[in-house]
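Engineer: Following this message is one structure expressed as structure tokens.
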């Protein structure tokens, strides 16, 4: 009858291999790379609109992808508009036109009015 396969002995608690993975040579822990996302801002808006509602991490991931996608579309369209008009700067006018082109009907109107309100608030606070 064959003998059962023996597993490798478990590494000791203070082994050198475990130490090098978690810590650098000078004894400091490695800094985790920061992953940028819009989750803080999505959460703030959610609490403004529905204070008693939460959001799952999966839903937050979807919202983050959505915001990134819309941002890229608006930036791309605004860039094309600036290029067509032989301009090297994207201004609020290009952004506004890009939003009007990308978003349908009533949604575009609301987005433009909220954007105008935000720009006015920003310029008045300077």
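Every residue number used here counts from 1 along the chain in the order it is shown.
Each residue, glycine too, has its Cβ placed from N, Cα and C.
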Engineer: Of the ranges 1-36, 37-72, which one does Swiss-Prot flag as region 'Disordered'?
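Structural biologist: So the range that Swiss-Prot calls region 'Disordered' is 1-36.
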Engineer: Which number gives the other C-beta atoms within 10 angstroms of the C-beta of residue 35 (ubiquitin cross-link), all protein chains shown included?
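Structural biologist: Around residue 35 (ubiquitin cross-link), other Cβ atoms within 10 Å: 7.
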Engineer: Quick check for the class: what is the C-alpha distance, in angstrom and rounded, between residue 35 (ubiquitin cross-link) and residue 121 (ubiquitin cross-link)?
Structural biologist: 29
Engineer: Where residue 109 (N6-(2-hydroxyisobutyryl)lysine) and residue 121 (ubiquitin cross-link) are concerned, what is their Cα separation in Å, rounded?
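Structural biologist: Checking the Cα atoms of residue 109 (N6-(2-hydroxyisobutyryl)lysine) and residue 121 (ubiquitin cross-link) gives a distance of 18 Å.
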